[in-house]
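Here is the structure we will look at.
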Amino acid sequence: MNILRMDILSRGGTQEIEHRDGFFNTSFQYVLSACLASFIFGYQVSVLNTIKSYIVVEFEWCSTKTDTSCEDSILKSSFLLASVFIGAVLGSGFSGYLVKFGRRFSLMVIYIFFIFVSILTAISHHFHTILYARLLSGFGIGLITVSVPMYISEMTHKDKKGAYGVLHQLFITFGIFVAVLLGLFLGDGPKINGKSIELSNFEMFWWRFMFFLPTIISLLGIILLIAFYKEETPYFLYENGNIEGSKNILKKIYGPSDVDDALRAIKDAIDQNKAAKESSLSLLSALKIPAYRNVIILGCILSGFQQFTGINVLVANSNELYKEFLDKNLITILSVIMTAVNFLMTFPAIYIIEKIGRKTLLLGGCIGVICAFLPTVIARQVWGPTKIVNGLSIAGTFLMIISFAVSYGPVLWIYLHEMYPSEIKDSAASLASLINWVCAIIVVFPSDIIIKKSPSILFMFFSVMCIIAFLFIMFFIKETKGGEIGTSPYISLEERQKHIGKSKV
């Protein structure tokens, strides 16, 4: 396997970044340069939430000039929402190849990619152009899902990997929040002027500017990587023969006294990785072995259930949902508050992720979503859409967001890398990620249509799925907190030795 060697460590321009203790240390600086991509991830997923109706008007998707919710607009909006997730499926599959050329290199590619994609989206004048641009945006998001967590994992202190890993999710939620916040400048939707809806010059500019914004964030990311954070990760440098370069970065992350231990840990990890590759089982081969097939299927089911909590319907389509419960002028304000809660409630996850077991958090998240949606469904069936019931529905969405932000959101991605043994980790985790994106498409694509029919249908579906998820986690999912790297609580040492040999476990 040919890997591009990037000997990018230079003596000049890097010495100003010194080791510092605490959470906001050297690692945090490097992580921040990567988390700008996480911000773009969240922003791109949510940006359509507040501007769809303006696109409908400018592109004239409805023959009636006073309507923005005709069948054609709902269908095209559904395609635009789902296209991001379809693109992400493709991008996540390609990302494993991209990171082989360097973790920092992959971030540079992502930032450059989003400059062009954001400009293309902002200048779109036809449905097919904006659909193509949104597919490309999704492809970039797919690249981010692998590249950023890998960069963070390899650029952080071993005792803080969990906390820093949550920063990826934190910046995703911050991007979601900013996307909805910027929608406030557009007011409460397109205004009817006489016998038709007409957009003001500001409205026509602003929705395009919102698509353009990731270009500015990407330029900032490129500047940070070129001017300040020029180094590749210590793992990548060591793996490609630049041991001295790896030492220099580790001094900044760990301090001079702990470099030898950190370097030895990298060497051991690389040796284990090589052994795992030599002994690796292909996904098809692993699926033929009952013990491996079991853990692969469990991971895929767990990953799929995350989307069936309804998180991406709220993130990508909260404005449409709140139209069923609120006056028009309060919709975007409530979406801003909801995304702010989503952002703020990710902070507790930074501190509890290493204190509470993964399984406990997953179970708690499911209970939270059930308590959020099930009472709403019952109330709407008994009393109908009264003001009190609508208020309960809104409160339910907030409880769901809080529950997800401190549990299923960040925990799933950590768990998927802890549940699989090293010989199938890469391929199995990739498959689980693919299933997650496919389930997102299944949930998001029809959400516009179902919301128009009845929000209760969605709430009932999410409630039932979370009840099933709770039972599934309770009886089939095992705790992974504190486990050894490369092992699995689902497959015994003897079972692994039987299939890959004693010397390679």
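Using N, Cα and C of the backbone, Cβ positions are placed for all residues, glycine too.
Note that the structure is predicted; figures quoted are calculated from it, not measured.
Swiss-Prot assigns THR26 and GLY357 to the same side of the membrane. A disulfide bond in Swiss-Prot ties CYS70 to one cysteine from CYS35, CYS62, and that cysteine is CYS62. Each residue contributes its Cα atom, and for GLN306 (beta-D-glucose binding site) and TRP413 (alpha-D-glucose binding site) those atoms are 10 Å apart. Taking the centroid of the Cβ atoms of GLN169, GLN306, GLN307, ASN312, TRP413 as the alpha-D-glucose site, the other same-chain residues with Cβ within 8 Å of it are ILE311, TYR408, GLY409, LEU412, ASN436, ALA440. In this chain, the transmembrane segment (457-477) lies in contact with the transmembrane segment (359-379); the count of Cβ pairs under 8 Å, excluding pairs fewer than 6 apart in sequence, is at least 3. Among the recorded positions listed (CYS62, CYS70, GLN307, TRP413), TRP413 has its Cα nearest to the Cα of GLN169 (beta-D-glucose binding site). Using the rule of three or more Cβ pairs under 8 Å, pairs at least 6 apart in sequence, the transmembrane segment (457-477) is in contact with the transmembrane segment (295-315).
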